[in-house]
Amino acid sequence: MNGTEGPNFYIPMSNKTGVVRSPFEYPQYYLAEPWQYSVLCAYMFLLILLGFPINFMTLYVTIQHKKLRTPLNYILLNLAFANHFMVLCGFTVTMYSSMNGYFVFGQTGCYVEGFFATLGGEIALWSLVVLAIERYVVVCKPMSNFRFSENHAIMGVAFTWIMALACAAPPLFGWSRYIPEGMQCSCGVDYYTLKPEVNNESFVIYMFVVHFLIPLIIIFFCYGRLVCTVKEAAAQQQESATTQKAEKEVTRMVIIMVVFFLICWVPYASVAFFIFTHQGSEFGPVFMTIPAFFAKSSSIYNPVIYIMLNKQFRNCMITTLCCGKNPFGDEDASSAATSKTEASSVSSSQVSPA
């Protein structure tokens with residue numbers, strides 16, 4: 001074996017020289033140079049510096065502006081809330097650990113950080129599933145004139161948390177485990193060992209199939225059908241130009257969110273799957289560290305995409321930041337332009353940007 005397995009950790013280095021130490025007790029500078037840990041620390045500080053205000057303002061602006069409290073926005077707010085929690089409970093832990101060169105919070109802290117990282121990623125994924133289904137049902141109309149109501153949105157939010165907990169919680173109760181990964185400063189599910197004592201193999205397979213492949217299949221199916229429907233409607237002029245434009249704008253925003261999710265998480269999932277299917281193979285600590293830390297940037301991009309592509313929300317954000325006044329003076333126009341179709345809360349033939 002090219003790694004060293006301990007009772008609650010796995011170090012991607014053989015202990016032939018006797019230098020390997022527990023990542024909960026000693027700095028791991030034999031895995032990487034101290035400056036590399038400093039880079040990780042600076043990166044996490046940047047994510048906190050950006051992620052905290054962006055997600056907080058997304059929540060605050062929506063609470064302050066009643067017109068933004070629409071059904072589809074509940075799902076997007078759910079994303080912001082989960083990301084905010086990740087920043088506070090996960091990123092701060094990882095930053096401090098990187099500063100010290102090892103996971104200073106012990107095994108309990110590792111479970112906490114791993115849980116919130118997994119929970120946040122899964123809430124994001126299942127929220128995108130709910131958004132994809134909403135887009136499919138509203139635009140493709142398989143259920144005739146379906147209206148995405150507040151009750152549907154609440155059920156969608158509850159569904160994302162149930163599915164995310166079904167993925168993140170089992171390691172807390174003995175099915176698999178959370179261990180330090182890569183350079184041993186952040187924690188995640190144990191992809192490195194089979195660990196029969198905690199039935200690790202079955203959990204990793206369950207996680208990949210139920211909480212990664214199936215959601216992606218649903219998302220690609222919904223958007224595949226949606227693209228075909230939009231093209232057919234445009235060709236046949238079945239909807240008004242305003243409605244078609246509104247549907248396309250909402251769909252574009254959600255598709256961009258999906259693309260960025262894939263950019264952030266597919267490298268991590270691919271590396272994890274490779275490690276799991278090549279037990280004992282040789283790989284360096286940076287091999288898992290880079291995709292793991294890159295995946296954490298997902299806490300920032302959804303609110304940014306939402307703010308960039310949603311004129312109504314962007315104007316409300318500017319108004320809030322400027323103490324109730326919009327220096328660009330187009331808030332009312334934006335509100336009027338979107339009031340007909342905001343957030344899929346009207347009939348299925350009238351959909352606009354959330």
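Heads up, the Cβ atoms here are built off N, Cα and C, so glycines get one too.
Noted in Swiss-Prot for the protein shown:
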- 1-36: topological domain 'Extracellular' (TOPO_DOM)
- 37-61: transmembrane segment (TRANSMEM)
- 62-73: topological domain 'Cytoplasmic' (TOPO_DOM)
- 74-96: transmembrane segment (TRANSMEM)
- 97-110: topological domain 'Extracellular' (TOPO_DOM)
- 111-133: transmembrane segment (TRANSMEM)
- 134-152: topological domain 'Cytoplasmic' (TOPO_DOM)
- 153-173: transmembrane segment (TRANSMEM)
- 174-202: topological domain 'Extracellular' (TOPO_DOM)
- 203-224: transmembrane segment (TRANSMEM)
- 225-252: topological domain 'Cytoplasmic' (TOPO_DOM)
- 253-274: transmembrane segment (TRANSMEM)
- 275-286: topological domain 'Extracellular' (TOPO_DOM)
- 287-308: transmembrane segment (TRANSMEM)
- LYS296: N6-(retinylidene)lysine (MOD_RES)
- 309-354: topological domain 'Cytoplasmic' (TOPO_DOM)
- 331-354: region 'Disordered' (REGION)
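The transmembrane segment (253-274) is not in contact with the transmembrane segment (37-61), judged by fewer than 3 CB-CB distances under 8 Å for residue pairs 6 or more apart in sequence. By the Cβ criterion (under 8 Å, sequence separation of 6 or more), the transmembrane segment (287-308) is in contact with the transmembrane segment (37-61), since 3+ such pairs are found. Taking the topological domain 'Extracellular' (174-202) as a whole, pLDDT averages 94 in the prediction.
Neighbour list (the residue listed as 'N6-(retinylidene)lysine', Cβ cut-off 8 Å, at least 6 residues apart, same chain): MET44, LEU47, MET86, GLY90, PHE91, THR94, ALA117, SER186.
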